[in-house]
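Asks: According to TrEMBL, the record shows the following:
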COMPBIAS  1-13  compositional bias 'Acidic residues'
COMPBIAS  14-31  compositional bias 'Basic and acidic residues'
COMPBIAS  33-45  compositional bias 'Gly residues'
DOMAIN    72-107  domain 'RING-type'
DOMAIN    125-183  domain 'SIAH-type'
REGION    1-56  region 'Disordered'
Amino acid sequence: MEEEEECEYESETESLRSEERRQKRRVEMGKEAVGGGGGGGNGDGGGEEAAGEAGRPDREILVKMDSQVLDCTICFEPLRPPIYQCEVGHAVCHVCRGKLGNTCPICCRGIGFSRCFALEDVVDTVKVPCANTNYGCKQFIIYYQKEKHEKTCLHAPCFCPEDGCSFKGSTGSLLLHFVTEHKWSPTYFHYDKAQWISIPRHCQFTLLVGEEDLSMFLVVNTFVHVGNALTMISIRPHEASRSCYSSEISVHDGESYKGRYVLQMDPHVGGSSLHDRAQLGRFFLMVPPELVDESTDELTINIRIEKIQCDVHH
Ligand SMILES: [Zn+2]
Ligand SMILES: [Zn+2]
Ligand SMILES: [Zn+2]
Ligand SMILES: [Zn+2]
């Protein structure tokens, strides 16, 4: 009996607290509306963009709030419809509700749960800026879809692989960074066409840029005791489960097919944001020292990159 009483007490303070929270939220929302949404500072542009989905831009307001109220009280994951509540008003996600039976673990009441349509309306309209705002993403995303968006956001940063450089940015700004800061001169290429390029024996990075879509590829040249190891990486913010490119690299004894040569085909060029610098990939081409042109100290390589079926949209 005593335990139950304790539970009653807890539930009352809990409900009081959450009512307080709701009250506070109402006040804050009101303030923001009156103040013309000055508190956000997250940009009006995104709000306008998101308005298309909401349909009523004239009703949009900027709000600052504790994100906890949008999370499940049990698993702390963002709430998404269907949302359930106990009779006191503790909101739980449908996954947790399925595991709970009829008793709310927060207030210990065993009355069962009902749908919370009011909160469903709220979570369906609350939009937050993408974490990649600083890298150029102007989108506002429904709070519970934020993680999903960011996993494929094309503005997620890629990293500069040069030693001692901590630059990160969208692929576009990374290309600019390579050219202006490190004086790299990219080699532009067409897909499905073989192309000759010369790379100095000790040059670690050679940047290739697709003419059609400005996708970046890095030929990483690692000098090892038996020769040079070459690997190709597709620079992109997210590693697709299946790569969108296949590649062929060959190194010839001079610019002729008649002499000796080594060849490597990679059916799925590995994608990387280079967050862990440029690593030797699973596929690499071992170039013996005799294929290096002694007079110029260069490797003459032939590359061909093909676009293949892939899961990630561009
Ligand atoms: Zn949950
Ligand atoms: Zn409860
Ligand atoms: Zn984004
Ligand atoms: Zn750099």
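Heads up, the Cβ atoms here are built off N, Cα and C, so glycines get one too.
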Asks: Could you please provide the mean pLDDT value for the domain 'RING-type' (72-107)?
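Replies: 92, rounded to a whole number.
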Asks: Can you count helix, strand and coil residues in the domain 'RING-type' (72-107) using DSSP?
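Replies: Split by secondary structure, the domain 'RING-type' (72-107) comes out as 7 helix, 7 strand, 22 coil.
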Asks: Is it possible to list how many residues within the domain 'SIAH-type' (125-183) are helical, extended or coil according to DSSP?
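Replies: Secondary-structure composition of the domain 'SIAH-type' (125-183): 25 helix, 10 strand, 24 coil.
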